[in-house]
Amino acid sequence: MGLSDGEWQLVLNIWGKVEADIPSHGQEVLISLFKGHPETLEKFDKFKHLKSEDEMKASEELKKHGTTVLTALGGILKKKGQHEAELKPLAQSHATKHKIPVKYLELISDAIVHVLQKKHPGDFGADAQGAMKKALELFRNDMAAKYKELGFQG
């Protein structure tokens with residue numbers, strides 16, 4: 001299920017575009033997630049009160065959290081699958097403290113792909129999309145395995 005060197009290169013090329021403006025990408029990913037799947041908002045105490053897209057766009061806390069999410073994901077993607085050290089604390093907090101089900105990781109993965117398609121249509125063609133989906137699936141599968149080790153049935 002690993003990615004080829006060429007696939008990792010496609011992932012990292014598009015991720016370079018994300019890193020050029022992580023706050024706006026992170027904000028858009030979370031807004032896309034919350035709009036498409038309002039139930040996910042319930043896992044975020046500090047965002048539960050945000051009901052409209054305008055409120056979400058105006059929230060500095062949401063932008064800050066989006067930055068945190070994509071910065072962590074970028075660190076994992078750059079490891080090209082060798083992300084055990086980065087994944088362990090993330091899985092620990094998401095399983096035991098935040099109780100984020102694997103399904104929600106799938107939903108945010110879809111939101112990431114959606115935002116990249118929207119913001120970078122010329123740089124995120126079918127090959128890059130396929131590679132990114134594969135990289136995000138690898139991340140989710142490894143998170144799920146860690147969840148299992150921790151006894152979390154998310």
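Cβ coordinates come from backbone N, Cα and C, glycine included.
As annotated by Swiss-Prot, nitrite binding site applies to HIS65. Feature annotation from Swiss-Prot assigns O2 binding site to HIS65. The feature heme b binding site is assigned by Swiss-Prot to HIS94. Look at Swiss-Prot and you will find 2-148 tagged as domain 'Globin', backed by sequence analysis. Feature annotation from Swiss-Prot assigns phosphoserine to SER4; the stated evidence is similarity to another entry. Among the features that Swiss-Prot reports, phosphothreonine is placed at THR68, with the record citing similarity to another entry.
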Next item on the list: Rounded to the nearest Å, what's the C-alpha distance separating THR68 (phosphothreonine) and HIS94 (heme b binding site)? Just drop the number here, would you?
Entry: 14
Item checked: Listed in sequence order, residues with CB under 8 A of HIS94 (heme b binding site) and six or more positions away -> ILE100, LEU105, MET143, TYR147, GLY154
Checklist line | Separation of alpha carbons, the residue listed as 'phosphoserine' and the residue listed as 'nitrite binding site' (Å) | finding: 31
Notebook entry, point to check: Taking the Cβ of THR68 (phosphothreonine) as the centre, how many other Cβ atoms fall within a 10 Å radius?
Noted result: 12
Item checked: Other C-beta atoms that fall within 10 angstroms of the C-beta of the residue listed as 'phosphoserine' -> 10
Notebook entry, point to check: How would DSSP class the residue listed as 'heme b binding site' in three states?
Noted result: helix
Check: Which whole number is the mean pLDDT over the domain 'Globin' (2-148)?
Finding: 96
